[in-house]
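Engineer: As listed in TrEMBL for this protein:
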TRANSMEM  A:6-34  transmembrane segment
DOMAIN    A:7-417  domain 'TRAP C4-dicarboxylate transport system permease DctM subunit'
TRANSMEM  A:46-65  transmembrane segment
TRANSMEM  A:97-122  transmembrane segment
TRANSMEM  A:134-151  transmembrane segment
TRANSMEM  A:171-194  transmembrane segment
TRANSMEM  A:206-228  transmembrane segment
TRANSMEM  A:234-257  transmembrane segment
TRANSMEM  A:277-294  transmembrane segment
TRANSMEM  A:314-331  transmembrane segment
TRANSMEM  A:336-353  transmembrane segment
TRANSMEM  A:359-385  transmembrane segment
TRANSMEM  A:397-421  transmembrane segment
Amino acid sequence: MELWILFGTFVTLMLIGTPIAFCLGVASFATVAYMGLPPLVVFQRLNSGMSVFSLLAIPFFIYAGDLMVRGGIASRIVAFAGSLVGHLRGGLGQVNIAASTLFGGISGSAVAEAAAVGGLMIPQMKARGYGVDYAVNVTSMAALIALLLPPSHNMIIYSISAGGKISIADLFTAGIIPGLMLAGALMITAYFVARSRGYPTEAFPGFQAVAHLAAVAVPGLLLIGIIFGGVRSGIFTATESSCIAVLYALLVTVFVYRQMTWEAFIDATMGAVRTTAMVLLIIGTAAAFSWLMAYMRVPASLVAAMNAVSENPYVILILMNLLLLGLGTFMDMGPLIIIATPIFLPVAQAYGVDPVHFGVIMILNLGIGLNTPPVGAVQFVACAVGKISVWRAMRSIWPFYGAGLIVLALVTYVPALSLWLPSVFR
Amino acid sequence: QEIVLKSSDTHPDGYPTVEAVKYMGELLKERSNGRIAVEVYHSAQLGEEKDTIEQTRAGVIDLNRVSMGPFNGLVPETRVVSLPYIFRSTDHMHKVMDGDVGQEILAGFEPHGLVGLAYYDGGARSFYNSQKPITSVEDLKGMKFRVMQSDIFVDMVNALGANAVPLPYGEVYSSIETGVIDGAENNFPSYESAKHSEVAKHYSLDEHLIVPEVLVMAKSSWDKLSPEDQALVKQAAKDSVEKQRELWEAREKESRKMVEDAGSTITTPDKQPFIDAMGPVYEKHVTDEKLKSLVERIRAVQ
Amino acid sequence: MQQTLPSGPLGHVARVLGRVSSLALWAAGFGLVLMTAMVAWQVYCRYILNDSPSWTEPGAVMLMSWFIFLGAAVGVRENNHLGFDILLYVLPHGGKRVLRMISDVVILAFGLGMIFYGWQLAMLASDAILPSLGISGAYDYYPVVGGGILVSLFTLERIALRLSGAPVDEGLEIATPEAEVELDAVDDARDARA
Ligand code: NA
Ligand code: NA
């Protein structure tokens, strides 16, 4: 009965359009009241769930991303990527993906990436005769690269949800090969779709122009090295690197590019506050929700149920992937990581799956969910930038979903893709 | 079954404290003819220690196995056992905690909505690092050690000439690995199970902290029990202590062997210079009369 | 969201709350900047000075707690929390109003819970001393109470405005907060280059 109240309230409120944070919070509140437990526990979880030092990475990386977009780092990276791969078939689509890969190396938010790269690329693609749906789909899928390449605050949320005992540096490193694979798979897909639609290529601007654009983009791109090198050489921790990213973004946009005005700085700050407050409020209420699930022993029952279905680890991994994909279509990534990690990770570990590997599987899986209606923040941004409906984007997104799912299958069943690189750095 | 006592533990399933509380539950079930049972939520499923202490005080959960550290800000008496080198050995700690001083500290929980039931072993904490074997206080000079978020521990590390770095526990492994810090300090089972032994190969048995852990019950849950059931709970908790000490000793030996087999070196420095360096720490933290007398009484126990 | 405020006392209250809201947003923004400085200081002290301050970590976390609750309350007033608005999209105007009203009542209940139980938690924790900061444990929960007060005020305001017939539910789309903010950034970036 308690479980019905918890999920019933949650689903009902969600359907009538109550903000997710409050759906989770009020469902927990109602359930605790029904069970006769002191309701203060809900508000304690709300507060403790977000009062975690490692979560500081979320406001910082989002803040850094906002500063990069407003201060001209993003636009220079797009220009550089354009000179590199614009001459390939479906040139601007390739540029979009290359730019997302570069920007993904300095930003952790797929939504910020869809806005930054999409905002610059989609209008250009429209003007050069590309279908808007194509431009939108390339943008939204390529934005997922940011989740896998370091830095990635979702990896940090995962590590915390797993009890903080998974090395964040390892998780960061583990995402690199899968992230580059996703980039490669999308570039190939973009190529074939572009060929069948007869999209043009761009002229190669010449090595001199490439060198010039590279030089202009270097101050921004250096952040990749600073974050990765700084964490790996022990100057700062993974969490602290997010703060360094903010400082560095400020430094470059104010002193090197001289594009950051006082007004843009205030806008970026307020924007980051608005975004992170909402993301973290959901994380807090999700913590209350998952506390109740633990209290009712839901994870243990689910493990038992899964064991009853099959004992084959491959089957279990498929089951978990399907479940995560299903949940990801209608829930946002952050709360899902918090709710699903304590439930699924013990199962995965019981079947011998490495927690770092499982983290990469989960991030990629839920990332695809950011790109599916009805709740898909990345898809929404890309559609809004392209000014088309989600349903129109959906008609031609399938080849790109296909690419994402192939990469997900490879990442799931070839652990070395995730685990080899961290072992090299150890 | 009429009464199910929900109990929290931050350690994973199979850990000596988790098993001891489960054992206590079995005893209770048997002795109450199945009326009273204990359900253990291990692995911090219900929250970290600071949070579950609040939950216990509010009556959300009934039992809680907690370290002494998080109580230092709440129950002043517990500060005395968190002082570095206060206990000479595990035997000394057992004698103290089984005696009057132990009872007095347990009584300190009462005004804060908690009933102290029993003490468990938490082993001895020592330093480990990635750089070099520590054989003297001088070796510690300038090294960076992660400590728990507590002023006493920060002051202790600084008094030894090293630098205390308060970091979240979850970031310790990567931080040692990358060199943000040189090492940390903990007991053998944690050193082994958190895999810190993979990145910090030098363990030095200075045993600066021998801190018992404590099993507390919510005062509100306690008051709901009949006097007979209260006696049952108290006795079962008491009987689980012996079991826990056995399990702990076995686990400690096992962990020590595991890290040694995996290539960790264990050094045993002369403890006296370490103890001598603690003067300023005691001066700063043992200020009120009650704490002073507790320190003296603990030292007097032979 | 409220371009056409009703005249009279309700409009006056709404204007005052508008100022409270922007004050809260500025405070939260200042908190974010201060937090950046604190963590940078922590890195500087450890890496350069070899002397880690123990207050930066709990201090930054407490600051974050404040700016999240303030920012979240502002988000309630600006109506841009992440939601699953499919039903709102297809329903006629009247049905939409009813559903928004239910949502607001639910949010109000949670806001009041934040005040009441946040205060209970503060009192419960008040006899403990927070490590490193050396202040009462109650400070951990004041952000919950403060955020609860603002969430409740802003929700009450919207309920009252809706009852008075003000168009508070206009312009709702299937948007996410992150999306809104980032789209805003796109526009700004384009303006900057134009
Ligand atoms: Na990234
Ligand atoms: Na989705």
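Including glycine, each Cβ sits where the backbone N, Cα and C put it.
If you look at the structure here, what lies around each of the features I listed?
Structural biologist: Same-chain neighbours of the transmembrane segment (A:6-34): 41-42, 45-46, 278, 281-282, 284-286, 288-289, 291-293, 296, 330-332, 335, 375, counting only residues six or more beyond its ends whose CB sits under 8 Å from a CB of the stretch.
For the domain 'TRAP C4-dicarboxylate transport system permease DctM subunit' (A:7-417), the model gives a mean pLDDT of 87.
Tertiary proximity for the transmembrane segment (A:171-194) is limited to same-chain residues at least six positions away from its ends with a CB under 8 Å from its CB atoms, namely 85, 88-90, 93-94, 96-98, 100-101, 104, 134, 138, 141-142, 144-145, 147-152, 155-156, 158-159, 228, 231, 238, 356-357, 359-360, 363-364, 396, 399-400, 402-404, 406-407, 410-411, 417-422, 425.
Residues 53-54, 56-58, 60-61, 63-64, 67-68, 70-73, 76, 106, 108, 151, 153, 156, 168-169, 172, 219-220, 222-223, 226-227, 265 of the same chain lie 6+ residues outside the transmembrane segment (A:234-257) yet bring a C-beta within less than 8 angstroms of a C-beta in it.
Under 8 Å from some Cβ of the transmembrane segment (A:277-294) lie the Cβ atoms of residues 6, 10, 20-22, 24-25, 27-29, 31-32, 41-43, 45-50, 55, 58-59, 62, 157, 332, 334-335, 338-339, 342-343, all in the same chain and six or more residues away from its ends.
For the transmembrane segment (A:314-331), the residues of the chain that approach it from at least six positions outside its boundaries are 14, 20, 306, 340, 344, 347-348, 351, 353, 361-362, 365-366, 368-370, 372-376, 408, 412-413, judged by C-beta separation under 8 angstroms.
Tertiary neighbourhood of the transmembrane segment (A:397-421): same-chain residues 133, 137-138, 140-141, 144, 173-178, 181-182, 185-186, 188-189, 192-193, 314, 317, 321, 353-354, 356-357, 360-361, 364-365, 368, 371, selected by CB-CB distance under 8 Å and a gap of 6+ residues from either end.
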Engineer: Using a cut-off of under 8 Å between C-beta atoms, tell me which stretch among A:46-65, A:206-228, A:336-353, A:359-385 contacts the transmembrane segment (A:134-151) the most.
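Structural biologist: Result: A:359-385.
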Engineer: Which stretch, A:46-65, A:206-228, A:336-353, A:359-385, tops the Cβ pairs under 8 Å count with the transmembrane segment (A:97-122)?
Structural biologist: A:359-385
Engineer: Against which stretches of its own chain does the transmembrane segment (A:336-353) lie, if we need a Cβ under 8 Å and a gap of at least six residues from its ends?
Structural biologist: 49, 154, 157-158, 161-162, 283, 286-287, 289-290, 293-294, 298-299, 302-303, 306, 313, 316-317, 320, 323-324, 327-328, 362-363, 366, 369, 415
Engineer: By Cβ distance under 8 Å, which residues at least 6 away from the ends of the transmembrane segment (A:206-228) in the same chain are close to it?
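Structural biologist: Residues 68, 73-74, 76-77, 79-80, 82-84, 102, 105-106, 150-151, 172, 241, 244-245, 248-249, 252, 256-257.
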